[in-house]
Amino acid sequence: MEVTNVCEYEELAKQKLPKMVYDYYSAGAEDQWTLKENREAFSRILFRPRVLIDVTKIDMTTTVLGFKISMPIMIAPSAMQKMAHPDGELATARAAASAGTIMTLSSWATSSVEEVNATGPGIRFFQLYVYKDRNIVRHLVRRAEKAGFKAIALTVDTPRLGRREIDIKNRFTLPPHLTLKNFENLDLGKMDKANDSGLAAYVASQVDQSLSWKDVQWLQTITSLPILCKGIMTADDTQKAIECGAAGIIVSNHGARQLDYSPATITCLEEVVKEANGRVPVFLDGGVRRGTDVFKALALGASGIFIGRPVLYGLAVDGEAGIKNVLKMLRNELEMTMALSGCTSLKDITRDHVLTESDRIRRSLSRL
């Protein structure tokens, strides 16, 4: 069967992967309301296209933290990718470099920063949790710097791991032939706990639940790399992140894997963008499955988007080629959406190109 859109990769991955692995990648927290809402919220945003514009040439290039990339579609951090395919994060790194975009490596990767760097040139960010033992943090950051990573994506929404009930039912554990490569020499690489969410017992013992804004400032004392705060959802936290020196913000609800009944990221985006007011770039993570979704995020002020699960599903189905195809399909769909909306470059995409649910309510009320 020819795959014609990104969503079809999920069904193919479900057929191919062991149930425990597919469930780990696909599940959200508790009732999984936010997981559904991350997708459904996009469907409530409509287009206001412009016509009779020459769209012979369309430019999707952009710049992120000073790095030029081919399109505003980047790869989010996703843990333990070798559960999906033997090449894991190495395939992801090669696919991202081939597409001319950014890959973010999870600190919980099954490939090390050094192994990813050895795949060849590429613009890569490193996702970081802060641990009680700050020497672990220093060690990870130092290695990421040495391996040529260009920014730190600091996860700020995980003082505790969300309750993913399907992982509890499956008694999720990392398969014994795999390890968390970045922790291998720290005697932290193996996980054999199967209670809670599988990872929960491990993470709870290591991740610092006292993480606060002062730690964002502390992180800047141990690295010169720009720091993106990943997991911001409100204007208040946007202001605090900027005051603490964040170089950018990723609007994210952790793929709906943390606090269920959090709003969809696309519905939080505009609030964050307005508060940032151009001081730092704002990116969106969560629920993107179509080029139309990318366009909607850009119209609401995002500087770019990150995709997570689609990469895992492409990887599971066809390795590096699968990820390349996911990125290609999203790129082609974004190009088509731009053409049909009358936009020849990303700067042409404006707030006037979309109509949100709030816009429609305001219009209805104005007619009363």
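Here the Cβ of each residue, glycine as well, is placed from N, Cα and C on the backbone.
Quick look at what TrEMBL annotates:
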type     : residues                                              : note
ACT_SITE : H254                                                  : active site, proton acceptor
BINDING  : Y24, Y129, R164, H254, R257                           : glyoxylate binding site
BINDING  : 77-79, S106, Q127, T155, K230, S252, 285-289, 308-309 : FMN binding site
DOMAIN   : 1-359                                                 : domain 'FMN hydroxy acid dehydrogenase'
At its widest, how many Å does the recorded glyoxylate site span between Cα atoms of Y24, Y129, R164, H254, R257? 19
Express the distance between the Cα positions of Y24 (glyoxylate binding site) and A79 (FMN binding site) as a whole number of Å. 10
Out of K230, R257, R289, R309, give me whichever of these binding-site residues has the highest number of other Cβ atoms within 10 Å. K230
R164 (glyoxylate binding site) has how many other Cβ neighbours within 10 Å of its own Cβ? 26
Between the C-alpha atoms of P77 (FMN binding site) and H254 (active site, proton acceptor), the distance in angstrom, to the nearest integer, is 10
How many whole Å apart are the CA atoms of R257 (glyoxylate binding site) and R309 (FMN binding site)? 12
Spatial neighbours of H254 (active site, proton acceptor) that are distant in sequence (at least 6 apart) but have CB under 8 A: T155, D157, T158, G162, G231
By the count of other Cβ atoms within 10 Å, pick out the sparsest of the binding-site residues P77, G287. P77
To the nearest Å, how far is the Cα of R164 (glyoxylate binding site) from the Cα of A79 (FMN binding site)? 15
When you tally the Cβ atoms that lie within 10 Å of each candidate's Cβ, which of the binding-site residues (Y24, Y129) has the highest tally? Y24
Cβ-Cβ neighbours of Q127 (FMN binding site) (radius 10 Å): 24
